[in-house]
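**Q** Starting off with a structure, shown below.
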Amino acid sequence: MGFLKKLKDTFSSKQDNDYYLSGLSKSRTSFASKLKRLGSGFKGVDEDFLEELMIILLEADLGIETAEKIIRGVESKAIETKAKSMDEVNDILFEEMQTLYNSFEDEEFKFNEDGPTVILMVGVNGSGKTTTTAKLANKFKNEGKSVLLIAADTFRAGAVDQLKRWADRIGVDCVMGKNNADPASVIVDGCRQAKENGNDLIIADTAGRLQNKVNLMKELEKMHRVIDREIPEQPAAVWLVIDATTGQNGISQAREFTTATDVNGIILTKLDGSAKGGIVISIRNLLGLPVKYVGLGESVDDLKEFDIDSFIYSICGESDEE
Ligand SMILES: Nc1nc2c(ncn2[C@@H]2O[C@H](COP(=O)(O)OP(=O)(O)OP(=O)(O)O)[C@@H](O)[C@H]2O)c(=O)[nH]1
């Protein structure tokens with residue numbers, strides 16, 4: 001059985017697959033239909049074919065380095081298997097994307113057994129950080145966790161109120177930082193409140209400024225230090241929010257964060273508004289970090305756990321365009 005067919009079978013058996021399909025419809029329409037057009041004139045895997053395929057990958061935002069890696073893989077596998085049709089090449093291509101994604105080891109996110117677990121949300125302003133913080137709170141609350149939000153992004157006027165409004169709607173507590181307050185001090189207040197209340201999970205909306213790396217590093221170090229003091233030996237997870245529509249630019253911003261602190265995972269937002277879903281593969285190849293969740297819309301439920309197979313099927317499966 002071909003690779004795409006296998007993906008389709010597992011995909012059909014999964015819950016939430018409609019979400020993936022509709023959230024990624026822009027990427028699918030663009031990517032799958034371009035592959036279909038390329039396949040309509042298929043004469044074999046030669047230089048011209050690989051060049052056209054490269055363009056499709058670049059347009060899907062895989063970035064040069066990642067696209068070249070995939071192309072090299074497709075070329076050698078196509079020669080090895082003597083691929084004679086576009087369906088066979090597609091199977092090779094999709095499997096290369098999966099293999100690349102799965103070639104990194106990921107650490108699983110675990111809840112602390114004693115004391116609250118802390119997640120620090122980082123990312124540039126406008127990436128969807130505040131909305132994603134709320135979406136996560138909602139998800140974990142629905143799974144039975146008692147969640148406390150900390151609005152520590154005290155530099156953007158309105159960010160704190162925005163998170164508080166979300167917290168009220170979702171029905172979780174929120175510790176609010178005052179305008180321009182030191183984010184670390186807001187985090188201390190939050191940790192203390194969570195310990196008093198016996199919360200399972202603290203999610204803190206933090207540093208949103210793209211500033212110089214030294215300051216960013218100091219700010220994040222300070223946050224880690226105070227958390228370590230308040231909740232000893234329970235390192236905070238750091239999840240970086242990236243706006244998928246900012247493409248390769250978003251990846252350079254991400255680098256600023258990953259070199260400033262240990263980031264444990266990526267949340268890619270606004271994939272529903274982007275035709276360039278290939279950024280997932282690029283992020284993975286360039287940063288080596290797992291995509292934990294994807295944002296597929298503006299409402300509080302539009303956050304889905306990332307799953308590489310569902311993702312590949314949703315952008316590569318049958319095109320909606322006939
Ligand atoms: N379509 C879509 N919109 C999203 C998604 N995630 C966030 N948004 C929208 O993106 C905009 C910015 O989101 P915010 O959460 O305010 O962004 P932020 O990064 O917190 O920005 P600051 O608060 O300025 O740091 C809002 O209009 C959100 O509704 C998503 O997955 N899909």
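Indices start at 1 and increase along the chain as displayed.
Even glycines carry a Cβ here, placed using N, Cα and C.
Got these off TrEMBL a minute ago, pasting:
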- 123-130, 205-209, 269-272: GTP binding site (BINDING)
- 290-303: domain 'SRP54-type proteins GTP-binding' (DOMAIN)
**Q** Determine the binding-site residues, out of GLY126, LYS129, THR206, lying near ligand 1 in the sense that the CB is under 6 Å from one of its atoms, and give them in sequence order.
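**A** The binding-site residues passing the 6 Å Cβ test are GLY126, LYS129.
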**Q** In the predicted model, what is the mean pLDDT computed over the domain 'SRP54-type proteins GTP-binding' (290-303)?
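**A** That region's mean pLDDT is 94.
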**Q** For a quick check of understanding: among the binding-site residues GLY123, GLY126, which residue's Cβ has the most other Cβ atoms within 10 Å?
**A** GLY123
**Q** Return the residues near THR206 (GTP binding site) by Cβ distance under 8 Å, restricted to its own chain and a separation of at least 6 in sequence.
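**A** Once residues fewer than 6 apart are set aside, THR206 (GTP binding site) is near LEU120, MET121, VAL122, ALA152, ASP153, PRO183, ILE187, LEU220, MET223.
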